[in-house]
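Chemist: From TrEMBL, for reference:
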DOMAIN    B:207-319  domain 'ABC3 transporter permease C-terminal'
DOMAIN    B:660-766  domain 'ABC3 transporter permease C-terminal'
TRANSMEM  B:28-48  transmembrane segment
TRANSMEM  B:199-223  transmembrane segment
TRANSMEM  B:255-277  transmembrane segment
TRANSMEM  B:297-318  transmembrane segment
TRANSMEM  B:339-357  transmembrane segment
TRANSMEM  B:369-390  transmembrane segment
TRANSMEM  B:655-674  transmembrane segment
TRANSMEM  B:703-729  transmembrane segment
TRANSMEM  B:741-763  transmembrane segment
Amino acid sequence: MTAPAGSLLAAERLRKAYGPTLALDGAEFSIHPGEVVAVMGPSGSGKSTLLHCLAGIVTPDSGTITYDGRELSAMSDARRSALRRSEFGFVFQFGQLVPELTCVENVALPLRLNGTPRKEAERAALTWMERLEVDDLRRKRPGEVSGGQGQRVAVARSLVTGPRVLFADEPTGALDSLNGERVMELLTDAARSTNAAVVLVTHEARVAAYSDREIVVRDGRSRDMERVV
Amino acid sequence: MSVRRWAADLAMGVRFAFAGGREGWTRAVLTAVGVGLGVALLLLTTAIPNALAVRHEREAARTDITFVDSGQLPSGSNTLVVANVGTDFRDDTVRGRALEPEGPRAPLPPGVEKFPAVGEMVVSPALKRLLESDSGELLRKRLPDRIVGTIGESGLVGSAELAFYRGAEGLAPHIDGGRVTRIDHFGETDPSSERMDPVLLLLVLVVFVALLTPVAVFIAAAVRFGGERRDRRLAALRLVGSDSRMTRRIAAGEALAGALLGLVFGAVFFLAGRQLAGTAEVFHVSVFPSYLDPSPVLALLVAVTVPAAAVLVTLFALRGVVIEPLGVVRTARPARRRLWWRLLLPLGGLAMLYPMVGQGRANGDFNQYLVVGGVILLLVGVTALLPWVVETVVSRLGAGGVSWQLAVRRLQVGSGTAARMVNGIAVAVAGAIALQMLFAGVDGDYTEDTGYDVMRAQMQVSVPSEVPVAVAAGKFRRTEGVEGVHVYSEGYLGDRRRDPEKSTPLTVGDCAALREIARLASCRDGDVFAVRGAEYDTDLGSLSKPGRTLYLDPTYAPGPKSREIPWTVPRDLKDARPRIGMTGGEQGGFLVTPKALAASAVPGLSGELYLRIDRSAPDVQENVRNTAAAVDPLAYPMTWAATEKSGRFTAIRTGLFAGAACVLALIGASLLVAQLEQLRERRKLLSSLVAFGTRRRTLGLSVLWQTAVPIALGLLLASVVGLTLGAVLLKMADTAVRVDWASVLSMTGIGAAVVLVVTLLSLPPLLRLMRPDGLRTE
Amino acid sequence: MSIGHTLLGLLESGPRHGYDLKRAFDEKFGHDRPLHYGQVYSTMSRLLKNGLVVVDGIEAGGGPERKRYAITDAGITDVAQWLATPEKPEPYLQSTLYTKVVLALLTHRDAADILDTQRSEHLRSMRILTDRKRKGDLADQLICDHALFHLEADLRWLELTAARLDKLREAVAAQ
């Protein structure tokens, strides 16, 4: 199977083993710009590994990953890091905000890693914090804000570089349903408005309901439900 | 609360200290090594007074030449004539005695079993090693006697002491109470409790305090290794139902375990260090391992204080901490650190030292309590000031790259931990800088300004009267490295044969030699001059009446009868004006050219030769000393101070440097542990930072800054305090204040090296933690 | 719940008498409501008429309970189609879904597929509800949430079942 035409990020026949455990065993994936795809499946099925491979954090043992016409697995670590800095955004379940930095500094961090001057980076960060309704937290540190607020700060940070692909790994996992839904609403709205693709790893149906379609990962193999039906 | 409960809780803590697999062990051993090194140093220090006392006793027990009672003792079956034939070899002093027993019951010196015969000698083990080595070859020429034995430990004051006793004959005529004397026993009859030089005492006190304060700080830090992990363990204990007091006791038990193991380590380190100390030589002072015997009371004090302190420090550290079942809560945000009470400590220290400024060695002892108290307050002041300095500076640090920002923000949140870690370094460096300044200053004081004119001559050799000076001079002229010799024969003239009321010196030399010590209008061989107006020469005027008979080498009661050779002031006495001579003073009295001197006067004169040497020639001084020994065993060569590169301070500096480096390395190890622990805790965060593309370099640099900033501040503060303390101490010793920049720089350099090494060593684990495994949620 | 599809599925493992079919159904699916004989006869005659089963033989002694039925190819296709078609997401689906899963296991079909397909169907509904919720007022949101939570409950039950398929397979085989 080849990547569907027009896909921004596509993976074929991915295999990845951690020691004796086979995390991915021939997984496939593709996503178009502006699309939100939920990756579902039981825990331990390889969802997170698939996300890490797609984001170039982990290199698969075999298989190809194509991003925007370029072969991701052929890139050097430095190139992939640079790609992650400039074209990808990340939201994780927890533990991702630097506890010592203030919220606005956390949001500005990816820009600063790209070499944007501090003032400018923080101005851009503030714009995104306003969109995610957390601009009043700018001077606070992550330890002083609630989980939902922290997660919105994290979403702001993932979007601040204007990424083309947003990777979200259980972004609402640590939140109650009201906060979780609010975060999902803001995240998908923001992504759609910038035409970013969102790879959303979740095991919650109500979170997955914010996606356009879902794929299911089971025992390291993926299943694209849209094509099956 | 019953004792049993206490014991049970403490025991549980002890168990916890060693539980937890490899990591638990590592932490426990590291704590123990830290405490152990501290304990060893403490024991060694408590042993030093004893070692010095033993040295003093040994020194007293072998005392022979006392400069009193000379000549009063008649020769007998129980007497011994002793001559000081000590010499110098390179930078070392060799204690040498020539022994001539005058009867079967002559006293043996301590450590010697049998008198060496003429041509034989007994030597100390260190001298034996030196003589047998290649580097001792030159000395061997000077001491050709056959080695027939070694001096026992009871006759030596240190393991590295160079000493010998050689057999001799015909010493009796030379008895002068100074270099040669007659005795019937060794040891001081009236052991004067010799007062220690106040400045030396000051040095010793400061050494103690400067070495022990960082050790105390370090022990305090060592028992807190692995604190955060412990906090979590304690929280887990609370969860399963132990109350807050129990938890504290368990924590104390953990600290106790480390401290107790540390005591064992300390004892081992001490015993090893003691043996090592037997081979070391500091300030030309060496000791035998057996000297280093800490007094039981002090050792017991260490054994009790260290574990007790460990428990107290732990309880104190947990003071602001509430251990809840679900984690450790630091009570509220600690109030901003206040400056005023922190400043009180060093200012108090200065206030205690200030009254003693300018006292010097002339005005009696320093108040020991004030010195110790002042120095401790100043050094402890560093530990009090540093957290404030770090907090204040760090809170003002701003703009910079991402790595800088990460590091600074981290420090802003928890500068206390960083400051605590660096405290030890700062105190050690401050103490070391002050000490080195003091040593350098005092040392410079001893070698400076001897008055010798080292441009004209660099060595002086005194030869006994029976040696013909011309022959001796010829031998020196032929010695390698000697460029010129000024030859004089010197004696003293009195107005009477016995106990003269007035006296003046008489110096014999050729015209060239005489012109070196006086201004002569003209000079021919056969002239006699009177030096008019020389300093310290008040009697010449009345003695220089032409035709008056004076006596060369008069007798002074109660000394032995001297030669009392009559000498008549010549009629054609010429006047000369004084000139600053080679010894830095003006030579007064009569100056006589060789032809003007009657042969009969020669035995009353002893030779003084002033040598100009080529300082670049290898071992020229040793060659001269060898020549002197060949000329006469009692010939006495001296090297004028300014030509001698003082090796004493180099040794001290090396010692201090090594000590400080050890303390710093130790503190570096604890920094590393803290660093790794912190990194592990942030595993998830690190992985997510990598996910969004943070460069490894950025994170590595942030780790570097995080260590470097507090250490830089610590070193800066330490330099300021160290220089201040050094300056105050020098002023107290009444010595010119000079900054020993080399030591400041070297200490700072070690500090910087520690930062680098800690960063480098924490990089591999950092890179490992940055792998994406940390992102896996399951 | 479709009794016809269930009985058809039971026949897939081999021809049975009407009486056997009733007993097998009661054992596996009819825990609280045993099937009446009349229901079995009427259903089987409908299936016979539609060509999904044939009469394999009649034992001596006569009577309707003595007829032995066998499934036809058309019958097998019908069962497969039924299993593959997700149920319309609505409350209280579990008995139907449970029957489907057990039947799939009995007939050695992939039960996980049934779950995935059903989840997909549920998600489709949930997306519509979520979309309506985002655009609607508070009343809309509350109504949609109610539906969403019910659907989610079903899905969670599905996930749980999927996680226990292996155990279920053993249990089904043992009966």
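Note that Cβ sites are derived from N, Cα and C of the backbone, with glycine treated the same way.
Fair warning: this is a prediction, and the values are worked out from it, not measured in the lab.
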Chemist: Average the per-residue pLDDT over the domain 'ABC3 transporter permease C-terminal' (B:207-319) and send me the rounded value.
Modeler: 75
Chemist: Using a Cβ-Cβ cut-off of under 8 Å, list the residues of the same chain that are 6+ residues beyond the ends of the transmembrane segment (B:28-48) and lie near it.
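Modeler: For the transmembrane segment (B:28-48), the nonlocal Cβ contacts are 17-18, 208, 211-212, 215-216, 218-219, 221-223, 225-226, 257-259, 261-270, 273-274, 277, 291-295, 298-299, 301-302, 306, 310, 662, 666, 669-670, 673.
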Chemist: Within the domain 'ABC3 transporter permease C-terminal' (B:660-766), count helix residues (DSSP H, G, I), strand residues (E, B) and coil residues, in that order.
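Modeler: Helix (H, G, I), strand (E, B), coil: 94 helix, 0 strand, 13 coil.
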Chemist: Using a Cβ distance cut-off of under 8 Å, indicate which of B:297-318, B:339-357, B:703-729 has the most pairs with the transmembrane segment (B:741-763).
Modeler: B:703-729
Chemist: Are there residues at least six beyond either end of the transmembrane segment (B:339-357) with Cβ under 8 Å to its Cβ atoms? List them, or say none.
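Modeler: Sequence-remote neighbours of the transmembrane segment (B:339-357) are 366-367, 370-371, 373-382, 384-385, 388, 721, 724-725, 728-729, 731-732.
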